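A.B. asks: Would you mind keeping the following structure in view while I ask a few things?
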2 protein chains.
Amino acid sequence: MAQQIYSTYPPALTAEQEEYLVQTVKDWSIEHALAVRPSTAVVPEGANPNNVLATNAPVTLFPSPFPKSCFEQAKHLQQVYNELYAAITSDEQWLEGVMKELIQVDDFLANLWKIHLAVKEEGYVQDLSLGMFRSDYMLHTTDPNSAPTLKQVEFNTISSSFGGLACKVAELHNHLATYPSPSHPVAYPPHPLFGNSADPKTASSVRSTGHPPPNHAIFALTAGLAAAHEAYGPVKSKSTPPLPTCILFLVQDDERNVFDQLALSTHLFKEHKIPSFRLPVSQILARTSIPSKEANPARPLIYTPPSSPSTQYEVTVVYFRALYGPAEYSSPTIWAARHHLERSAAVKCPTVLLHLSGSKKVQQVLTSKPPGPDHLRFFLPGYAEATLDSLRSTFAPQYALSESEPEGIKLALSEATAANHVLKPQREGGGNNIYRNNIPSFLNSIPRDQWKQYILMELIRPPPEAKNAVLRSDGNVAVGHVVSELGIFGTCLWRSTNFNTTGTTGTTASAKWSAAAPGPQVKKSGLEILWNADGGYLLRTKGKESDEGGVAAGFSSLDSLILYESH
Amino acid sequence: MAQQIYSTYPPALTAEQEEYLVQTVKDWSIEHALAVRPSTAVVPEGANPNNVLATNAPVTLFPSPFPKSCFEQAKHLQQVYNELYAAITSDEQWLEGVMKELIQVDDFLANLWKIHLAVKEEGYVQDLSLGMFRSDYMLHTTDPNSAPTLKQVEFNTISSSFGGLACKVAELHNHLATYPSPSHPVAYPPHPLFGNSADPKTASSVRSTGHPPPNHAIFALTAGLAAAHEAYGPVKSKSTPPLPTCILFLVQDDERNVFDQLALSTHLFKEHKIPSFRLPVSQILARTSIPSKEANPARPLIYTPPSSPSTQYEVTVVYFRALYGPAEYSSPTIWAARHHLERSAAVKCPTVLLHLSGSKKVQQVLTSKPPGPDHLRFFLPGYAEATLDSLRSTFAPQYALSESEPEGIKLALSEATAANHVLKPQREGGGNNIYRNNIPSFLNSIPRDQWKQYILMELIRPPPEAKNAVLRSDGNVAVGHVVSELGIFGTCLWRSTNFNTTGTTGTTASAKWSAAAPGPQVKKSGLEILWNADGGYLLRTKGKESDEGGVAAGFSSLDSLILYESH
């Protein structure tokens, strides 16, 4: 049944219909800042000397069908996942146990760990952490007759992007499906999934929402930032005399996805009256400072706006939209800057430990279940077994490539079994995975002691018939079979009570915010959850020939979804 | 005093301040669709093959100071001006008298007039007209010690543009002047006109609003369209069976100012639930039709969306954002299309007669006062003399170049007096004026019987010290002395009761809307005003070296204003 939905969608377009649809998407996108700065592949550098141009973000022309039950499951699990990663981050010992081997072979993870140790040695001055998460899933199909299930691709603990633009794609597809009326939209031909055509082939057995569900990612992510800002301290400034406060958006120097980020900072000021500033990575040490211990042991992070140096701000939250991958740490200065931020009193989103918790290795270790260690039960003592089972059901089988666990190595080196797997390095971001039959030869080409840097994961098999059309940022349209990845955003603010801290900060806001935590009352010790919420969704869709994701890299497109139930 | 305001403004910027300000304006503009499609001067055609790129509209970096009393006067006069042009349009005889001579020498005006005569012969089926006006002014200074006064440049009766973007420029400048707080904005250095610096030179004698007044042009222009849509008929459709109704935005095929227009159509649907479609001029005859007299004598205008031909719409209002100047009438087909629209039952914004009323010749004739004919009193019988005097005070001296009124010819041919004048053709749009000493030689280069196509107008002398900085659409910044032009938008809906009509349409909505007309109870006969409102503002600012306006042509920039009172 489900397969039939994909095989008859999206509806075919006449030339005039495609022309109207594409022109409408182009114009709507710029009108609503569903936009990016173009790459040099779209506009050669010489034709854009002042970097003043914008173009539409790559978007699908239609929302993609998605089973309602899988969407609901992902949404319901988000707060559980949020708490899981909060608990992991608050258990330094457990994390050290998982990372130990990796740190020996991975400089990037080792340097992050060193920053944690150095700040621990000096004493943390901030026991709050903010997580702005995105849990990414794909649909997994085993045979054409059974319903697809949800499998987690990865859990992002740093720089989870596209919340701003994702809201707008849902709005765009809503507009296309309902303007001027849902029964007779101008942009889309009738189709059973839009609820305006009674095609007997599918209509009788499928119920759909007709258009994408509302996406509140901008609202939710902004609320998470505001919660951390509020929790920074009842009397915000730790400086004498007190300073005005702000949130810093830490951004890449050559960021092209700026309108995604501006959607959040604009809403943050409009809704919460919290000022924020964009700080490029290269400017961290020039524009921020921490007073000496003698001057102020609370270590507030002071930001001096270059355009208005006479008014300094105290930073409540550093929101990382940069510094997630090794390639960004191009010099010792950048490492020093990361260390500098970590030792400050600002709430970090994320802390170094939370950044490390997002490693693929952690994801793999979590899949262990009895008779192995039951990590989920350990970190989530208050949850019903059924909830943990639902969470476990989203794990794809995955393996370490470690001498102590030989199964992974065996699966990876055999051509036959490798064909069903992907090899993933620890690092964040797309572009580094090794697929299928390339795995054995790749492994044989690198030293054996490097293998432990990788995780072997069984390939997820998305619905093979799914199709869509994409408007790329260069204005070209591509049509064909596609693969979609659902991301659910979540925000979580917590206090880690096990670390030594110099103990001067933020101990009174918890009463206010803990009411927002809807989870069970039993929490892992060392952890106090102050805020926990799911936060909207993202669908990314790419052409099937491409194995890699990453919308910003131009491979895939922003999408939204039409939920369906087949019965 | 006023001169001093201009000489100390805008505040000087350090390199870091300019960098921050320019980057903020670039990003804010795209984020809020204060945008245009780039011209080929900004991006060569080859670098933009799918016309997918956008760039910021040219904007000033600072709002321009403007005397509050002049702004208030212009706002107060708008409804009077609206009614004046409604009355002119409803007096076919008077208009014919004014246009008679011109029609003999100007093919464009002659063709428009012919359309009116042909439709009159057949019988009009729509007695309602919608005006979406913009009255343009400049400040006029006589000597440095007296306050500037307001002089009208022109009154636009067709395709008055930039209402959508003008609202956003006011918002942009508001953001820059008040983020994160009005006392310490990050983007602007302190200045007395922002209300955050007590510079003793000006602060003591000047009061200002600190930031631009709110601009409700999008709201107001949309309300005007909605009023006409509503008045089209109590049971909207004149078709059997009834059709869904819509408004058509008639646009140029290669329009670059599309986001200005989309701001209106989007608001029209969001606020009033009225669908609208964009109809390029080249598609008028292909996409719209009028039933034969036998089929439906009411002559409804039927629109068939090319992407969804099975659902036809009846057009309540045709909103012209095209076909204002001779260059657009490139073929007999376009003239036929204009005729086709004019004879339909749709409310035209504007009708052919209203289009003709916007001629410079009408503007010149209106300046006549006793002992000549008092046209203002004739058209506006219900207004107090003081109101008409205020309106008259906005007229710059202007003259016909007609044998029967020799004064204009004398002033134009003498080098000494020509130096204080501009020669304007009848047609709309910038780029065709002859300035100062070029006037005598120009006139001598064309046949004498062509002279009557031109109006001679005394040059308006704006404050010579005014300065600003401009971010152009190519991302370059230009700084220098500037000239600003204030436009006040106005909307007016009226019924002309003197023409013969076939009399089937729209006679019952007047009761509802006439309540909105705030003017005096005495109206010129032949005219029933159903809606009359002022509608926000536009400031356009250009470098002083350029004599021509026209933001879209790249010569000038969108601006907003800071109102000041000197005392």
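Just so it is clear, glycine is given a Cβ too, placed from its N, Cα and C backbone atoms.
According to TrEMBL, the protein carries these features:
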DOMAIN    A:245-357  domain 'Glutathione synthase substrate-binding'
BINDING   A:Gln261, A:Arg540  substrate binding site
BINDING   A:Lys360, A:424-433, A:Tyr435, A:457-460, A:Glu485, A:Lys542, A:Glu548  ATP binding site
BINDING   A:Glu428  Mg(2+) binding site
A.B. asks: To which of the binding-site residues A:Met457, A:Ile460 does the lowest count of other Cβ atoms within 10 Å belong?
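C.D. replies: Lowest Cβ count within 10 Å among the binding-site residues (A:Met457, A:Ile460) is A:Ile460.
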A.B. asks: Determine the minimum-neighbour residue: among A:Lys360, A:Arg540, listed as binding-site residues, which Cβ has the fewest other Cβ atoms within 10 angstroms?
C.D. replies: A:Lys360
A.B. asks: If you measure A:Asn432 (ATP binding site) to A:Arg540 (substrate binding site) at Cα, how many Å is it?
C.D. replies: 18
A.B. asks: Rank the binding-site residues A:Gln261, A:Gln426, A:Asn432 by the number of other Cβ atoms within 10 Å of each Cβ and report the first-ranked residue.
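C.D. replies: When each Cβ's neighbours within 10 Å are tallied, A:Gln426 tops the list.
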A.B. asks: On the DSSP side of things, how many residues of the domain 'Glutathione synthase substrate-binding' (A:245-357) fall into helix, strand and coil, could you say?
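C.D. replies: Final tally across the stretch: 42 helix, 29 strand, 42 coil.
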A.B. asks: In whole Å, how far is A:Gln261 (substrate binding site) from A:Gln426 (ATP binding site) when you measure between their Cα atoms?
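C.D. replies: For A:Gln426 (ATP binding site) versus A:Gln261 (substrate binding site), the Cα atoms are 26 Å apart.
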A.B. asks: What mean pLDDT does the predicted model reach across the domain 'Glutathione synthase substrate-binding' (A:245-357)?
C.D. replies: 97
A.B. asks: According to DSSP, which of helix, strand or coil covers A:Met457 (ATP binding site)?
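C.D. replies: Assignment for A:Met457 (ATP binding site) reads strand.
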A.B. asks: To the nearest whole angstrom, state the Cα distance for the pair A:Gln261 (substrate binding site) and A:Met457 (ATP binding site).
C.D. replies: 32
A.B. asks: Nearest to A:Arg540 (substrate binding site) by Cα, among A:Lys360, A:Met457, A:Ile460 (binding-site residues)?
C.D. replies: A:Ile460
